[in-house]
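What follows is a set of notes on a single structure, which appears directly below.
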Amino acid sequence: MLISETIHAAINEQIVNELGNSNQYVSIAAYFEAECLFGLAKIYFKQAEEERDHAMKFVKFLLDTGAKVAIKEVPAARNEFRSAEDAAQLALDSEKRTTEQIYNLVSLATAEKNYITLNFLQWFVSEQLEEVSSAETRLSVIKRAGPSVLMVEAYLAHQ
């Protein structure tokens, strides 16, 4: 195995985190769809797919390093939202939490001088910049729209 047991366990945990994020984005997307905010729903359904893809990247990495994949229970997603802003804030909070999780993995790989893992994680570091930035932009647009959330849909139609 090309990685330590510590990194192995941490990456298995990150797979669960990414799958949980995917489920959370499905829940957020379903909320927007139920509110007839189809542009926002489309974005969050796409985000759900991306999070699943992230989990699969970690799965493939473990397999490539000769490590066993052990997916534990994925936490339940939150399914109730007070508003579009509430849902978008949850998405941003999730991305910030994921960024910290990735940084923790980088710190672990750095401490162990595991350059294979460090190289692999660089993609995720770059990806999190885009994810947090996009989530912040969506939240900002929703906040500016206030109760006129349909203006967000018009904005998205021109993107």
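One is the number of the first residue shown, and numbering goes on along the chain from there.
Backbone N, Cα and C define each Cβ position, glycine as well.
TrEMBL annotations: computationally assigned, not manually curated.
The domain 'Ferritin-like diiron' annotation in TrEMBL covers 1-146. Applying DSSP to the domain 'Ferritin-like diiron' (1-146) sorts its residues as follows: 116 helix, 0 strand, 30 coil.
Cβ environment of GLU95 (Fe cation binding site): GLN128, GLU131, VAL132, ALA135 lie under 8 Å away, each six or more residues apart in the same chain. The Fe cation binding site feature in TrEMBL is assigned to GLU18, GLU51, HIS54, GLU95, GLN128.
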Neighbours of GLU18, GLU51, HIS54, GLU95, GLN128 excl. site residues, C-beta within 8 Å of centre, Fe cation: ASN17, ASN21, GLU50, SER94, THR98, PHE124, GLU127, GLU131
Average model confidence [pLDDT] within the domain 'Ferritin-like diiron' (1-146): 98
